[in-house]
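Colleague: Please see the structure below; I have some questions.
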Amino acid sequence: MSENTIYSGLKQLGSHTDIPLTPEEAVLERVANPQEGTPYCVRFTAPEFSSLCPMTGQPDFAHLVIDYVPGKWLVESKSLKLFLFSFRNHGAFHEDCTVTIGKRLVDLLEPEWLRIGGYWYPRGGIPIDVFYQTGAAPLNVWIPEQGVANYRGRG
């Protein structure tokens, strides 16, 4: 493999990287999209996302689904994983966590389109689902439903 590739600037992939202590210090990395100009959808699913309630410090859990139609850039998946892990000890409400993740990705990638669904497990008996997207979905790309069922409990 040649010395200078689209992966040459990556700092985290292929090496030991500590989990960032906060989302603010987490470094998201991107690589050039080798299929730029071809409309397609990328999906990341994080079924065990966690953060902390900013009031009680109790853990909150969510199933996240991130879909995006890339332009020039792709997110490097290890850096995304570490970014999501950085929320483990971060206190914020469900809405803030979900939208912050979406906006950080938009700022980094400048995608054609992005959406994130945060399907939060109940706290205080109420599940909270949070949805953010950059605009109408492109018509020329297959974008599957997120497929996360409404919370039912034992009912």
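Glycine is treated like the rest: Cβ placed from N, Cα and C.
So Swiss-Prot lists these for the protein:
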type     : residues                          : note
ACT_SITE : Cys53                             : active site, thioimide intermediate
ACT_SITE : Asp60                             : active site, proton donor
BINDING  : Val75, Glu76, Ser77, His94, Glu95 : substrate binding site
Colleague: Closest of the binding-site residues to the residue listed as 'active site, proton donor', Cα to Cα, picking from Val75, Glu76, Ser77?
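Modeller: Comparing Cα positions, the candidate nearest the residue listed as 'active site, proton donor' turns out to be Ser77.
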Colleague: In the structure shown, which of the recorded positions Asp60, Glu76, Glu95 has the fewest other Cβ atoms within 10 Å?
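Modeller: Least crowded of the recorded positions Asp60, Glu76, Glu95, by Cβ count within 10 Å, is Glu95.
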Colleague: Judged by the number of other CB atoms within 10 angstroms, which among Cys53, Val75 is the least packed of the recorded positions?
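Modeller: Selected from the recorded positions Cys53, Val75 on minimum Cβ neighbours within 10 Å: Cys53.
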Colleague: C-alpha of Val75 (substrate binding site) to C-alpha of Cys53 (active site, thioimide intermediate): distance in Å?
Modeller: 27
Colleague: Between the Cα atoms of Ser77 (substrate binding site) and the residue listed as 'active site, thioimide intermediate', what distance do you get, rounded to the nearest Å?
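Modeller: Counting only the Cα atoms, the answer is 26 Å.
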Colleague: Take the Cβ of Ser77 (substrate binding site) and count every other Cβ within 10 Å, whichever protein chain it belongs to.
Modeller: 13
Colleague: Long-range neighbours only, meaning 6 or more apart in sequence with Cβ under 8 Å: which ones does His94 (substrate binding site) have?
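Modeller: Sequence-distant Cβ neighbours: Asp60, Ala62, Gly118, Trp120, Ile128, Val130.
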